[in-house]
Amino acid sequence: MADSSPQLAKLRSLMKERKVHVYVIPSEDSHSSEYIAACDARREFISGFTGSAGCAIVTLEAAALATDGRYFNQAAKQLDGNWTLLKQGLQDVPTWQEWAASQSAGGKIVAVDPSLLPGSAAKKLNDQVRKAGGADLVPLDENIVDIAWGDSRPERPCQPVSVLPDELAGKPVATKIEELRQELAKKNCPGFFVSMLDEVAWLFNLRGSDIPYNPVFFSYATITPETAILYVDESKLDDSCRAHLRENNVQVKPYDSFLPDARHLHTEVKTKRQAGGDGVVIGNFLISNKASWAMSRALGGDGSVEEMRSPVGDAKAVKNETEMNGMRACHVRDGAALIEFFAWLEDQLVDKKIMIDEVQAADKLEQLRSKQQHFVGLSFPTISSTGANAAIIHYGPEKGSCATIDAGSVYLCDSGAQYRDGTTDTTRTLHFGKPSDAEKKAYTLVLKGLIGLDTAVFPKGTTGFALDCLARQHLWKNGLDYRHGTGHGVGSYLNVHEGPIGIGTRVQYTEVPLAPGNVLSNEPGYYEDGNFGIRIENIMMVREVQTEHCFGDKSYLGFEHVTMVPYCQSLIERDMLTADEKAWLNAYNDEVLKNTRGFFEGDDLTMSWLTRETRPVE
């Protein structure tokens, strides 16, 4: 772990100059991105913690880092003695908001960069701070972490943007904009402001590479009843992008002019309301509930702005037939790359006795993926983990310090790729030797949970929250569980983690029912710290299913899995499976063999491994 004292000293000096006692440093950028560019990794810079989720709070005397169960082990290793780790979700552990508020008693000032915190989150934090005896939450428009970072802060990326043609996107830009305007008309809304990068990319059928692993670009958008404006650094756009936007009547303005334009539009609409008399009805501006406090303030705040779940995000989460066909196709190709990789890895470790470390394995997998049609890059850093490292849920192997893969231990590989026709995310846990009874039992309990969720049939209107227990039920019966969600939404050649849908216990998963066209992961797991970790993950699509009856005139839904990679035969405890589970597993194996064997003509090594791992489970 690196010493965080120098950067904390610089930050505290800046806090004192501004009479700030508590400074909040979220993980996200000004677009609420989960994955961020290096220039926006402020929480990592100040704390040394590299996980994708968490919040740092620095006072003049103390510092705390809050994160969720995926990152408890990682944070404990990366944080130095300056930091207190707040394990979110555990009993008697305060939330980061509660901890920040507790430091504000006596009228102390709590501050945050308003571009990094959603307006709703800022309001909640302000309420807690005031209740604890602090002053009103202060929006500091200058980010003092950036000042402390100084010249060593990386430059903001400015990568080229490309057009995603309709034959891959499945829906023209004009149609998407018109459907959004129809939603705005229902509320007499003068404008909707799009801040999430994947929503901008989806809305305009454009892709970029400003943020690693995510085909997005720094941008905002404004949609009014008359205009559509894309705010982006124009140097990113080539002639084809400009023509594409012109054809769809989209104006282009500089990225940095977004907030000034929002302030101007607020003033303009306010004037129209005042001049229009009783007959003029103009609703509030609409922004996403993830839009920044800075955006809300620019548009006039309470009384002028209505926060809501983004209608763009909702539309994006329901894939069209073109996108679903792309997801099917890219997962077959991706599965072929994984099958070839696992066969190669076993041959290296077991037959040839060659030492392979976690990073070398991840690099080999990326090389095999890169040969597949439409490959663009990875969708997240590959989690290549052996033995005890597999118990670190979001483990990140580092070159030079990672472990050598032990053929006698569990190996967990969670990986994915971006293809122009879809996004993949697959986890398989393997053992290249003789697994222990405990490992086999844990693996089979996890597999049973995956099958239970995959085969679920449920009425339309059911949420992911309601289905979560299907994946955990067999672990629960044994007093076991896992500290992460069961499923997240997946983008179509977009972010591998996509809202608003998911399967888990988060409150947000109670709000949005699953719908045909949703694409989600199914990834139960089990982890023993210091020993081993098990996770199995498939991607599946929500589809309508035919049932014998139709109670209440409701339609019923189920899942179609698209991941095509075998499970580890040596880790399956067959006596723990029911006849139905064995039948499902054998049907899945037949499906994998049928869809992928054509990739391995002349490749006896891979074909032998595939045949063995898809053999019937008796």
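In case you wondered, yes, glycine gets a Cβ from its N, Cα and C as well.
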Same-site Mn(2+) 1 binder from D421, D425, D437, given that Swiss-Prot records E523, E537: D425
Candidates D414, D529, the one Swiss-Prot lists with D425, E537 as binding Mn(2+) 2: D414
Euclidean distance between Cα atoms of E523 (Mn(2+) 1 binding site) and D425 (Mn(2+) 2 binding site), Å: 10
Nearest-integer angstrom distance between the alpha carbons (Cα) of E537 (Mn(2+) 2 binding site) and E523 (Mn(2+) 1 binding site): 4
